[in-house]
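Below is one structure, written out as structure tokens, with a few remarks after it.
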Amino acid sequence: MRKSIYIHVPFCEQICHYCDFNKFFLENQPVDEYIDLTIEEMKHTVKKYPQTNTVETIYVGGGTPTSLTTEQLQRLLEAVPKHFHLAEDTEWTVEVNPGSAGADKFAMMRRTGVNRLSIGAQTFDPVLLKAINRDHQPDQVEETVRLALEAGIENLSIDLMFGLPGQTMEHWKDTLQKAVSLPITHISAYSLKIEPKTVFYQMMNKGKLKLPEQELEADMYAFMLEFLKGNEFDAYEISNFARRGAVSRHNLAYWNNDEYYGIGAGAHSYVEGQRIRNHGPLPKYMKAVREKKLPYLEMHEVTFSEKMEEEMFMGLRKRLGVSKERFENRYGRTVQEAFPGVTEDLKKAGWLYETPERFMLTDEGLLLGNEVFEKFLFAAD
Amino acid sequence: MKPEDRINRRDRIRNFSIIAHIDHGKSTLADRILEKTSALTSREMQDQMLDAMDLERERGITIKLNAVQLLYKAEDGEEYIFHLIDTPGHVDFAYEVSRSLAACEGALLIVDAAQGIEAQTLANVYLALDNDLEILPVINKIDLPSAEPDRVRKEVEDVIGLPGEDCIPASAKAGIGIDEILEAVVKKVPAPSGDPEAPLKAMIFDSLYDPYRGVIVYIRIMEGTVKPGEKVKMMANGKQFEVQEIGVFTPKPVPKEELTVGDVGYMIASIKNVGDSQVGDTVTHAAKPTAEPMPGYRKLNPMVFCGLYPVDTNNYTDLREALEKLELNDSSLQFEAETSQALGFGFRCGFLGLLHMEIIQERIEREFGIDLITTAPSVIYEVTKTDGEVIEIDNPSEMPDAQQVDHVREPYVKAEVMVPNEYVGPVMELCQRKRGDYLDMKYLDENRVNIVYEIPLSEIVYDFFDALKSNTKGYASFDYELIGYKESNLVKMDILLNGEKVDALSIIVHRDSAYDRGKIIAEKLKNLIPRQQFEVPVQASIGQKIIARSTIKAMRKNVLAKCYGGDISRKRKLLEKQKEGKKRMKSVGNVEVPQEAFMSVLSMDENK
């Protein structure tokens with residue numbers, strides 16, 4: 001089943017200190033040609049990998065999609081239904097930086113079919129925002145939410161970050177409080193991870209980055225679970241919370257180990273059993289598409305064992321965990337047969353629990369997810 | 001060969017080695033000399049020909065010696081036979097250096113035109129002078145913008161006492177001065193002087209094991225002549241062998257009909273054990289032996305011991321095989337099986353020094369692909385028990401209970417540190433801190449001081465080299481020799497993880513420094529051992545008494561949140577890396593301990 005598309009817009013007007021995604025300074029980039037070429041890629045892609053289903057989720061991420069002009073973004077968005085068959089109720093998300101889209105842009109999005117926004121709020125503390133090099137002010141989040149609602153886009157998510165350098169529990173409580181007071185339906189909350197090739201990574205290596213202790217980070221996470229529950233946000237995944245059932249169907253496609261198309265420089269796709277990574281650098285990506293080639297940097301045929309591993313380490317991220325029936329239907333064996341002893345050990349450790357239908361992480365297992373997931377990798381040798 | 005041909009040939013032989021500090025261009029100069037003397041066609045020429053092992057290249061040091069025969073047509077029209085003998089460059093191998101220098105009549109001293117004479121070079125210069133070698137100073141890298149040949153020339157005069165005008169300006173890299181160097185070798189290095197018709201006297205300066213041919217012995221003929229088919233005798237142990245093949249390296253081995261006075265080459269004689277061809281030993285004819293062996297031979301005994309354990313216990317047999325193979329080429333490596341409660345089955349190994357230990361460890365990991373855990377190095381302690389029994393222990397875990405110990409003696413070395421006078425203060429302070437007893441201090445010239453201390457070997461084994469280097473900006477040169485045992489107030493300190501004693505982490509320390517060391521180790525382990533699923537106390541104890549403590553906090557959170565736009569393979573890689581990392585750790589009790597932790601007791605630097 002393949003009913004999702006990810007589209008990557010790799011341009012930003014400012015680079016955040018933690019970001020290691022494929023992105024470039026907007027200035028002087030061949031943005032218009034890039035849009036033409038992503039549209040080309042859509043065309044080639046459906047030819048090579050025809051649709052199996054109508055598309056039910058679209059996610060336009062970045063970079064900063066809203067760094068495009070209204071005309072540019074419109075051209076990109078309008079191309080999608082020209083090349084793919086969409087379902088009636090397709091969930092269509094665009095990532096938005098607070099302050100980078102006005103009423104016009106939102107109205108255009110709404111007209112094209114966009115019905116969900118993911119707003120990069122990160123924190124409501126102005127000092128922390130500056131420390132991570134975001135270019136917006138806290139009150140611009142509220143402004144963005146208001147404009148979106150006025151344009152008729154009502155399914156709104158905001159991204160938050162914790163474990164930031166200098167962030168205290170008070171900061172975090174304040175940010176969460178401000179978040180839930182907004183008329184939004186969804187929160188994604190990620191802890192900061194320092195990745196190579198970022199400003200933070202360099203600062204860390206020079207000993208200039210003071211990160212909160214693991215204890216504080218864990219406390220922040222625990223507080224968030226409690227707090228969001230009390231505010232009617234349901235923790236349906238490790239770092240995703242939804243009000244009134246407004247889960248991100250696009251993200252769930254990843255966690256459910258379903259296939260998806262990926263369009264754009266550095267985008268990833270999972271089609272016909274292959275995990276594919278597109279060229280990241282613009283010249284490489286653009287050259288390939290210009291020459292009517294698919295811009296693939298690497299392709300990997302996912303083996304049967306890997307599929308089972310991924311089913312587990314992705315599926316357990318969800319609050320509902322992994323369905324035993326679905327696993328058996330997909331792989332012709334039970335989870336216990338596929339991973340002898342593993343579930344028992346994890347249950348003993350208090351990280352996993354089992355119902356007649358599913359395997360799920362316990363609250364403690366949630367915080368130590370990677371320790372659990374690791375156990376579902378078959379030995380490398 | 002007729003007797004007069006041998007004499008004639010002898011007079012055209014020049015044997016020399018190159019003394020240089022790391023990076024001062026020894027290998028490059030050797031390459032240039034090889035090119036100029038047509039030892040190799042340029043196709044055979046591989047950069048830095050003499051340093052064959054990967055490890056040597058990476059560390060920039062020579063571990064195994066090499067000797068090459070070269071033909072050089074001099075300006076006087078004569079063709080000369082050069083033997084270039086390479087030397088290792090580290091104090092652990094000082095004995096090998098002295099033996100390979102003993103095989104020469106001259107040495108090229110390479111000094112960097114920008115950096116001048118470095119400390120480590122000096123020790124080898126003195127070794128060369130001890131062996132009566134003619135020293136030819138070469139100022140290398142004169143083409144560098146920062147070159148100061150005049151200053152360096154003066155330094156050669158002041159520090160070594162060689163006439164400054166004898167220095168040959170050169171650049172091995174740019175090919176400057178190479179002809180002058182070769183001519184100087186002809187004119188200044190004396191020809192060998194032994195009698196070709198006297199009984200055979202050949203000195204072994206290296207040997208290596210070849211799986212097909214047995215031991216290949218590197219020899220320098222001092223007197224007499226040797227031919228295939230003859231019966232020879234090793235003078236150290238009296239063992240006799242029949243010579244199968246002799247020859248020289250060009251650098252390929254080329255068999256010869258005879259080797260005679262001045263020749264430097266190899267001998268193959270069905271020798272199965274490198275232990276039968278000890279460096280420094282003298283080879284002579286069994287039937288008509290020479291009266292006296294070459295002076296200077298001594299048997300090398302390991303001074304430093306540590307435990308080597310495979311991370312994966314299944315690799316025990318592989319580790320044994322690796323050690324057996326290395327032993328074939330290295331008679332100074334010793335090992336025997338031992339068992340640790342914490343680490344399982346492994347080996348107690350003896351080495352010449354710390355560098356030797358590191359090299360063996362790296363070769364096992366690299367060439368044999370076995371992940372190792374190395375315990376902190378130890379020396380041999382002599383323990384007199386209360387019942388009068390005297391035992392020797394090379395492993396702290398063998399130390400008897402304190403009540404059974406009457407007293408402990410430990411090996412001391414006489415340490416000589418040669419240093420520019422502005423560093424006298426820091427060096428003395430360091431020696432003092434390392435429980436050294438002051439013996440002597442001499443000014444070698446207006447600038448250089450030789451400081452002599454008696455220091456416990458165990459302190460040298462700890463971090464003496466590193467501390468000396470950092471306290472003198474690398475300007476100190478250092479040599480030591482074992483002088484015997486002295487009584488010390490020593491105690492065994494144990495380390496407990498999660499309340500369990502980890503035998504592999506036990507060390508023997510002086511009582512006065514036990515508290516400090518315990519504190520540092522507990523703190524280090526706290527930082528080196530990753531958080532576990534539960535809190536782990538780290539304790540240092542002497543007997544039942546806890547003297548230091550730290551705590552590794554429990555892991556609270558380890559979960560990656562972001563989905564990276566569907567980049568699942570990235571998630572997978574992260575998890576695989578995490579899993580792989582754990583495989584490289586050793587489970588001690590129920591605590592996962594990384595390899596570095598076992599070495600952590602070694603270094604006392606709090607910042608590391």
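Glycine is no exception: its Cβ is also placed from the backbone N, Cα and C atoms.
Curation plays no part in TrEMBL annotations; they are all automatic predictions.
Listed in TrEMBL for this protein:
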- B:ASP23, B:HIS24, B:GLY25, B:LYS26, B:SER27, B:THR28, B:ASN140, B:LYS141, B:ILE142, B:ASP143: GTP binding site (BINDING)
- B:11-193: domain 'Tr-type G' (DOMAIN)
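Remark: of the binding-site residues B:SER27, B:ASN140, the most isolated position is B:SER27 (fewest other Cβ atoms within 10 Å of its Cβ).
DSSP assigns B:SER27 (GTP binding site) to a helix in the three-state reduction.
Summarising model confidence by region, the domain 'Tr-type G' (B:11-193) averages a pLDDT of 80. DSSP assigns B:ASN140 (GTP binding site) to a strand.
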